[in-house]
Amino acid sequence: MTITRRGLGLGGAGLAAGSALGLALPALAQSEPLRVGWLAALTGPSSAPAVGFNRGVMWAAEALNAAGGVKGRKVEVITRDTQGDPTKAVNATQEMISQLKVHAIWGPTNSGESLATTAIMARGKMPNIHPCVVNSLIDPKKYPNAFRIAPSNIQWDDAVRNYTTGVAKAKKVAVIGDTTGYGVTAANDSAAGFQKDGAEVVYKANIDSTQPDMTPDMLRARNAGAEAIVIWSVSTGMIARMLNTRAKMGWDVPFIGHPSLSSGEIAQLIEKPDYWKKVYCIGYRSCSFDANGKLPPRNEELLRKLAGKINLQDTLLWWVACGIDAVNLIADAAAQTGSTRNDDIIRYWNGVKSWPGYYGEYSWTPDEHNGYPGQDVVMSDASSGRNGAFALAPGYA
Amino acid sequence: MLASILASGLAVGAVYALIGITYNTMFATSRVMSFTAGQLGMLGGVLGSLFILRLGLPVLPGLVLTLAACALLGVVTEIVAVRPVLKSLDQHLYVLSTLALALMIQHTAALEWSTEPQPFPRLIGLGEGIWEEKYWLPVAACAATILGLEYLYRRTLVGRAFVAIAEDNYAARALGLPERNLRMASYALAGAIGALAGFAGGQLLLAFFANGPLLNFYGFIPVALGGLGNNRGAVIGGLALGLFQQAANFLVGGIFSSVAVFTLFILVLLAAPQGLFGAAAARRV
Amino acid sequence: MGVTDTAAPALKLPAAPSALARLLPFLGLLAGALLLPFSGNDYWALIATRACIYWVLVSGLNLIVGYAGQLAIGYVAILALGAYTASVLAAGNVLPALPSFAALGCAGLVGAVFGVVVGLPALRLRTFYFAMTTLGFATIVTQIALAWQDVTGGGIGIPGPEMPAPLDTPWGYYLFCLGAAALCTWLTANIAGSRFGRALVAVRDAEVAAEACGVAKPRLLVQVFLLAGALAGIAGGLFATLQSYITPDAFTFDLSLLFFIAVLIGGRGSILGPLLGTILLTLLPEVAAPLAAWSTFLYAALLLVIVLAIPGGIAALLDFRSRRALPEGRAVQPRPEALATLLGHHREARGAIELRGVVLAFGAVRAIDGLDLDLRPGEVHGLIGPNGSGKTTTLNVISGYYRPQQGSLTLAGAPLPAGRPALRAPQGIARTFQTPRLVGEATVLQNVMVGATVEGRSTFLEALFQLPRQRREEREMEARARLALAAAGLAGLADVRADRLQHSELRFMEIARALMLRPAFLMLDEPAAGLATEEIKRLGALIRAIAAQGTGVLLVEHHADLIFDICDRVTVLNLGRELAAGTPAEIRTHKEVVSAYLGG
């Protein structure tokens, strides 16, 4: 079965029949399914990441079940489409905790939702893995149940800043975000980071992503002497307009920043393929091609397994890989501890060290729930996408 | 810099003006302000991209099909959301019925087209820099529409009938004008004008489902400023809005420019509820 | 005067439901809500708390949208303001941290202020404009929340206020919000049932008539905007606590739409309907989770179906009483003898209404061209003339809808302000309209009670809390309205929805509404149009009886017989000028009148 982005069903939405009855009896516990709650913004704007994650989630659950499940227990993924709306995410979280009695929750997939659900999950002591970047979401004291499987904003920021000042050798930068919550915050944090590092932020702006013409902002950035433009936005329309404007101005300033710079949508929106050159976005070592065009061995194998089953052309490999890892981390906790009690799962995760996932090797301790290795956050050549993976940006070994 | 503000300001302003004219055209024969005006503009971009880029039609047939599809949608709007509520115009049910229809259009576009902006084709390939076609096409479309409407209203029988109905509904009906057919025709015309706005502005705004509410709001401002039913007012208001907005984008940045536009809009409306260029006052008693 | 002799069939109408019967659905809902905690399921607690909080907002919005008919689409803006105010104050970002309840109170205050700010355009602008401005306001509130990062946390947001024990558990908080929701139901029902609520509905459906009854729209709307804004602000504070964390993207247009549509599917002019609508729309997405992608589409489709198929919403579906047929062959039986009690102590007319040299032109057309007219207390003055001769226009000048370009208009020597219709009722000038202007969804009794709006003394706050003076006034008004209806011959129809009345009955209802004012002057615009001969006779007797109580009556009419039967004096207009004036006998023999108008 090929899972494609369009027409994808909300697989696993079927309710666990007995779960509403409440407390699972110990005798039943051995045979009842392992229920994984999956909070995904599958529709609505900015649904692309969750759609990618979802392909990995469904594939991983199917693979586990085909191999006999987790110690004989079926893995059941219960999906709720939150549409990126924090209110829907809060409702779905509480439903998963109190009504569906899931054993662990994966998601939500964007920070706005996660900010609202984190406290609720902590109150319900619900084991939770999420990929949201906002720093404050991870705090082992306040939220001992929440674990991050992706880089934090700080790690993203570091990667972009190090590349901008270290490799691109830009001393004067322009930092540009869109006018969404994420864009405003990320641009502010990034600008503050640059200033702390001694770089000069010569221009900082938040642009309405529907603004039809980017010339004024680009002109001001150039007049201010910017040597690199740092972008924090998920809006492909805005990014493409800026790329077109850059080319029209005949300016060869590098664009460095958010993973969306590599989105396949941009290829269609820019006027010439060349306009996508000198664009470097955040990527991951695990999902990057080396000089020979090869991924690391584990992911070369994954590509073979996914071939013909999952369409990788219109998504990113790391989304899919991350979805697979999340399900496997939950399943592994149940398998290793032989339990689906929340504190057993959390205790297991707290001891995870260099857990070999497709997306990264995660390590968590009771005091550190940021599990993604910072050195694996790299910069990619945004226009080099193939099978959802990218070539490393120049300057990386 | 100034040239760039002028070029893009006039271009988006022309799109807003055309959406304003779309509002006015529907209003003239029905006394209804329809929330579908902005969605027609959105569809102009989406359908244009669909026909020309996805289905590979040449530009001209693509344009004709886009206009025809939106004209049809205009007629559907009249039948589904306007005609049934005309009896009780003063209950303002049309606000709800057209809002509902607009949301249905927008949501269908989001699900069936894409939630990401999609490219819109280059149409002619004339001009560079600030004289690029994406800047002058909307202005040209706006000018052509105005001239076409002037010709229609002054020189043709159908156009005069429109004017007659717009000026006095009851009298026009008493004269034996086929009011319902004229209303449907004006909705079809409005559909085509809205589609033209989106089509001409397609390279600027891209084929994006969320353009609907945006155009709805920014297309309404020229109507409010220029006075309800006043097309010349809408054009002046639209161009002024476009320039103001681009200047604000440039001077105060993205976040505050929408605040600036909104504040100005409210202030002008409170000062001159009939718009700056006046509108026909309705008889109340 | 043989007006009470015809044998009318005895009217058997459904009695108005008792207070208890009206309360029953609310008590049922409350009982169900109180049983919910026994389920012990925190998910239900969350959803039910959400429904309660949404209702706190919708109950206020209902007065604006459902009662006043102002289409406030973007009310999520006030929810966001309240949520941010409460959260920011409780977190102590700007000022020293406030206790959660104080922060909630401040959210209410800020909500009230911005409720008026958002509402201001509604006082001057047309409906669609108001819808647009509220929409625009909703977008800039989130933009400002994003930009003002130091205070609001920008895109990262800010934690909601934490409630002290015992409200910090899901069920404790639920019961608190349920209490708030019940309180809001009571408060807004109080307003809806008061003269303020009746005036709101009148402004919505019959604005011109409302003005003639002296309803001051701006003042009325500002009071309601304050209340609805305060409730929405408080709802925002409660919402922030429930969400535990707020970011700008929590305040979506979908949420705004939910509030707005809840009112409309509930039905205009009802409290129970929107309450059920709110519960329904809160539950719907939970039940239909697999349809999440299409939820907005379904909302929109639902809205369209409701507008087209059941514009009355849930309230109309539940209104079983109004589906029972009214008896056939009803006859209006005015009882002029009731007028003595009704008009017994009416406003003393201090003198005549005098028009001198009044000129009113619409463009090049002189609708009134130098008219003199005297309207004296206790007299019936007929105004006749061909179509377009300026009869109704004259009436509109007197009642303040038109501002004449020249000439004077005085009452007892003091000028009557031109172009200010709402100032006529306080002067004791009442009128009816050529096409009856009424609130179809309200009962006949409620329609008539609008007529005495200017006499209400109790304040909005007194009405909000049902204080003694308000209750006393309300009883007096109802008694007077029933008396006015008896006088106009509609006593049996008092509790029927007005839109179920026959045309002739509506004419008498308008007279009853005008009589509520105990007017010194009463202006009737073609009251006999569409009436049967027998009914015209009774109307004539009623008018005479009204004049006999000292009220001056101006009668615009086409029925020459009625004019000549009951008028003391008659003015004949032609092309905006006086063609003739005098007693009926003089007019009947006036040569020009006979040839031009009476047709030989």
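Cβ coordinates come from backbone N, Cα and C, glycine included.
All TrEMBL annotations are machine predictions without curation.
Here is what TrEMBL says about this protein:
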- C:353-600: domain 'ABC transporter' (DOMAIN)
- C:19-38: transmembrane segment (TRANSMEM)
- C:44-65: transmembrane segment (TRANSMEM)
- C:72-95: transmembrane segment (TRANSMEM)
- C:101-120: transmembrane segment (TRANSMEM)
- C:127-148: transmembrane segment (TRANSMEM)
- C:171-189: transmembrane segment (TRANSMEM)
- C:224-246: transmembrane segment (TRANSMEM)
- C:258-284: transmembrane segment (TRANSMEM)
- C:296-318: transmembrane segment (TRANSMEM)
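Between the transmembrane segment (C:171-189) and the stretches C:19-38, C:44-65, C:127-148, C:224-246, C:296-318, Cβ pairs under 8 Å are most numerous for C:44-65.
Taking Cβ pairs closer than 8 Å, the transmembrane segment (C:224-246) reaches residues 46, 49-50, 53-54, 56-57, 59-61, 63-64, 67-68, 75, 78-87, 100, 103-104, 107-116, 118-119, 122, 157-163, 173, 177, 180, 184, 187-188, 191, 196, 200, 460, 464 in its own chain, all 6 or more past its ends.
In terms of C-beta pairs under 8 Å, the stretch of C:19-38, C:72-95, C:127-148, C:258-284 lying closest in packing to the transmembrane segment (C:44-65) is C:258-284.
When Cβ-Cβ distances below 8 Å are used as the criterion, the transmembrane segment (C:19-38) is approached by residues 44-45, 48, 52, 171, 174-175, 178, 182, 185, 272, 275, 279 of the same chain, each at least six residues removed from its ends.
Over the domain 'ABC transporter' (C:353-600) the predicted model carries a mean pLDDT of 91.
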